[in-house]
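A.B. asks: Starting off with a structure, shown below.
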C-alpha cells in the first residue's frame with residue numbers, strides 16, 4: 001500500500017481495541033474540540049443568565065453582532081477582547097467585594113432589589129461572585145489553545161501582512177463589494193484598522209496645517225467639508241489608500257485624537273457590515289424552519305408561563321385566568337410581540353433581504369436584552385436571575401439569535417419552494433403536514449403572507465387555489481408511495497395486523513369520544529375533585545311570615561371536621577338502609593362537616609306590637625295551620641321542623657338529604673322554642689332561644705346540630721370544562737368532533753374523480769413548475785401554467801390521461 005506506516009497502523013489498532021466507554025469519551029472530547037467556540041458561547045450566555053448585570057451584558061451582544069457574523073470564523077481580535085474583558089470583570093468584581101463600600105453593609109436588605117445600582121452593574125457582594133467568570137475564562141483559554149494547536153490563532157495577522165505586500169495595488173469597490181483590477185485600493189475590514197495601512201504622506205500634513213488660531217469658523221467649515229467628502233466617498237465611490245490616509249491625517253490635525261479615533265472605529269464597523277450584506281461569495285443555506293421552531297418554543301413558554309412576565313406571580317395558570325374571562329396584560333403583550341416578530345421574520349425570509357435581516361437582528365438583540373434585563377425586573381419586582389421561566393425564554397431566544405446570525409452569514413436561499421414538510425413522501429411527513437393544516441388559521445395566514453411578500457401575477461383566490469391543489473396532490477402522493485412500499489396482492493384479504501391496528505384504533509377513538517363526557521364528569525370529581533367545605537352555616541327561622549325569631553351562624557371553630565369514629569357511628573346508624581348507604585358511599589369523612597350553632601339568637605327580636613298580638617292569636621288558634629319557615633340557602637315550608645342533614649352541592653343550592661331523612665331511620669329533629677325577656681334599666685329586651693332535642697354529638701347547653709355533606713368541586717384549572725355539566729360537554733365535544741368525523745365518512749362520492757388518482761407525478765410536477773417560474777421571475781409563464789392547471793381540473797378526460805400509470 002502507498003504511504004504505509006507501521007507505527008500509525010499500530011496506533012490505529014490500539015485505538016480500536018479500547019473499551020467502548022473510553023471510545024465514547026474520546027468521541028465526546030473530539031466533539032468538544034471541534035465546537036470549542038460553541039462551548040465558549042454557551043458559557044458566556046450561561047454566565048449572563050446567572051449574573052444578569054451590565055458587566056456580563058457586553059459579551060453576549062458581541063457574540064450575536066460580531067462573532068457569529070464573522071466570515072469564516074471570529075477573528076483573534078474578538079477572542080482577545082473576550083479574554084481581556086473577562087479578566088477585567090473578575091478584577092472589578094473582586095475589588096468591590098470589600099466591606100468598606102457603603103452598599104456592602106446591608107447586603108441582605110438589597111440583594112433582591114432589581115434596581116439597586118450595584119445589582120444592575122454587577123458589583124454587589126455575594127457568595128460565588130466569580131465562579132461563572134472563572135469557568136468562562138477557562139473556556140476561552142481552552143478555545144485559544146485549540147486555535148493555536150491548529151495554527152489558526154495568528155491567521156489574521158499573517159493574512160494582513162501578506163495582503164499588504166501582495167495587494168497594495170488592489171482596489172475594493174464599495175458599491176459592488178468586489179475588486180477591480182483597473183485601480184489600486186485596499187480592503188478595510190474589522191480585523192485590520194486604519195493604522196495597519198502603512199502608507200504615509202507627511203508633506204501633505206504640513207501643507208494643510210493652520211497657523212492662525214483665530215480662524216475657528218474656517219477650521220470648522222473645512223472640517224465639515226473633509227468629513228462630508230470622506231462619507232461621500234465611502235457611500236458612493238471607492239476609497240483609495242492615498243485619499244483615506246490623507247483625509248484621516250487632516251482630521252487628526254484639525255480636531256485632534258477624538259475625531260480620529262471615532263472614524264477609526266466607525267470605518268471598520270461599517271465595512272464589516274457592508275461586506276456581510278454584499279459578500280464576494282455565500283454558502284447559501286436555509287435554517288428558517290429551525291428559527292420558526294425556536295420561536296414556537298418561546299411562544300409555548302409564554303402561554304404556559306405568562307405569569308413570570310407580570311407583576312404578580314401568584315396566578316396558577318392561564319386556564320384559570322381565561323375561565324374567569326380575564327386576559328392578563330402581560331400575557332397579551334408577550335404573545336403579540338412574539339407573534340409580531342414571527343411575522344416579520346417570515347416576511348424577511350420571503351423577500352430574501354439580508355440587509356433587512358441584519359437590521360432586524362440588531363434591533364432585536366438590543367431590544368430583547370434591554371427589555372429582559374432592565375424593564376422586566378422592574379415589572380416583576382424581582383431579579384432576572386430569580387425568574388426561571390424568563391431565563392428559559394431567554395436561552396431559547398439566544399438559540400434563535402445564533403440561527404439568525406448563521407442565516408445572515410450564509411445568505412438566504414434563492415428558491416423557496418413549497419412547505420418544508422413536503423420534501424419527502426412518507427408517513428411522517430404526511431401526518432406532520434396534516435397536523436400542520438389542522439392548526440386553526442395557520443394555513444390561511446401562511447398562504448396570505450406568502451402571497452403578499454412574493455412576486456406573482458396570480459390573484460389571492462388563484463394563489464389559494466394552487467396551494468390547496470398542491471397540498472391535496474402531496475397527500476395523494478404520500479398515499480401512493482406508501483401503497484408502493486407496502487403493496488397489497490390482488491385477490492388477497494387484508495391482514496389482521498392492518499385491520500385490528502387501524503380499525504381497532506379508530507373504534508377505540510370513537511368510543512372514547514362518545515363516552516368521554518360521562519367518564520370525565522365521573523372522574524373529575526372523584527379523582528381530581530377538591531373538597532369544598534363550608535365556611536359559614538347560617539340558619540333563620542320565621543313564624544308565619546312575621547319578623548324572624550331566630551338567626552344564627554356557625555363559623556371557624558364551630559365547624560368541625562368529621563373524624564373516623566364519628567363517620568363509623570354515622571354508617572352504623574344506617575345499617576340496613578340501602579338508599580342511605582348508597583348515598584353515603586359517595587362521601588368520605590373529609591367531605592362531612594359538623595356545624596354547632598349556638599341556641600341563643602344573635603339578634604334581638606324586634607317586632608311591632610300589632611304584629612306581635614296578631615302572631616299570638618295565630619298560635620292560639622289550633623284549628624288553622626301556622627307555618628314555620630326554616631331557611632339556610634333556600635327557603636321552603638317544612639312539614640317537619642328541623643333537618644339534621646343538609647347537602648351542599650357544587651352550586652349555590654343547599655337542600656336536605658332525603659335518603660337519610662326517611663323511614664325508620666328518620667333524623668328529623670324536634671326543637672324547643674322559647675322567648676327570653678330581659679328587663680333592665682335600658683328597657684325590655686327580648687330574644688328567642690332554640691334547643692335541639694336528641695343531639696348526637698353535643699349534649700350540653702342550648703344549641704343546634706347540623707351535619708353538612710359537601711360535594712367535591714372541579715379544580716379551578718378544569719372548571720371551565722366541567723362548568724356546563726354533561727350536556728355542555730356533549731354539545732362541545734361529541735357534537736363538534738362528531739361533525740368532523742361525519743365529514744370524513746360522508747361526501748366521498750363527490751370527490752372520487754379527485755381522490756382516486758393512480759399517478760399524481762405529472763400534476764405534482766406542474767405545481768412545482770409554477771413555484772419555480774415564480775421564483776425565477778417568469779410571471780407570464782406562471783399565468784400560462786396556472787391556466788393549464790385549472791383546465792386540467794375542469795377536464796375529467798384530460799385528468800384521466802395525466803394520472804395514468806406509466807407504462
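Quick reminder: no glycine exception, Cβ is built from N, Cα and C everywhere.
All annotation found in TrEMBL is predicted automatically rather than curated by experts.
Note that the coordinates shown come from a computational prediction; the quantities given were computed from them, not determined experimentally.
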A.B. asks: Of the ranges 500-524, 525-549, 550-574, 575-599, which one does TrEMBL list as transmembrane segment?
C.D. replies: 500-524
A.B. asks: Does the chain bring the transmembrane segment (392-412) near the transmembrane segment (39-66), so that three or more CB pairs sit under 8 Å (pairs 6 or more apart in sequence)?
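C.D. replies: Stretch pair touches.
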A.B. asks: For the transmembrane segment (358-380), name the stretch out of 39-66, 287-310, 330-349, 460-479 with the most CB-CB pairs under 8 Å.
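C.D. replies: Answer, by Cβ pair count: 39-66.
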A.B. asks: Same-chain Cβ contacts of the transmembrane segment (14-32) under 8 Å, 6 or more residues past its ends?
C.D. replies: 39
